[in-house]
C-alpha cells in the first residue's frame, strides 16, 4: 500500500467517524440523553476532526494540488463547503443554547446536504460554480 493510499484510507475513515459522531451527538442531544454531555463527546470528536484535517492537508501536499489555484477550483469549493459544514454542525449541536431548537433541527439536515455536495466535489473533481 502506497503512502498516498494509506493517507486516503485514513482520510476516508476519519470522514466516516466524524459524520457518525456528528449524527450520534445530534441524536443524543435531541433525545436529551445524559450521554449528550459526557466527557467523551468533548474529547473524541475534536481528535477525529484533527486527524481528518491533517490527513486532508497531507493528501493535498502529496498530490501537489493547491486550493485557490486555477487547476483546483473544485478543491477551493470543497474547502468553503467544509467551513459551511462546520458552522452548520456547530449550530446543530449548540451546547451553549445560543440557537433555538428549530434552528438546530434545520441546521442538521442542511449540514448533511452540504456534506453530500462536498463528497460530490471530491469524487468528481468538477467545480459547481466554475
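Note: Cβ is positioned from N, Cα and C throughout, glycine not excepted.
Swiss-Prot lists 1-9, 60-73, 125-130 with the feature topological domain 'Periplasmic'. Per Swiss-Prot, transmembrane segment is recorded for 10-28, 40-59, 74-93, 105-124. What Swiss-Prot records for 29-39, 94-104 is topological domain 'Cytoplasmic'.
Secondary structure of the topological domain 'Periplasmic' (60-73), assigned with DSSP and counted as helix (H, G, I), strand (E, B) and coil, comes to 8 helix, 0 strand, 6 coil.
Packing against the topological domain 'Periplasmic' (1-9) from elsewhere in the chain are residues 55, 58-59, 62-63: each is 6 or more residues past its ends and has a CB under 8 Å from a CB in it. Residues belonging to the topological domain 'Periplasmic' (60-73) score a mean pLDDT of 89 in the model. Sequence-distant contacts of the topological domain 'Periplasmic' (125-130) (same chain, at least 6 residues past either end, Cβ-Cβ under 8 Å): 73-74, 76-77, 117.
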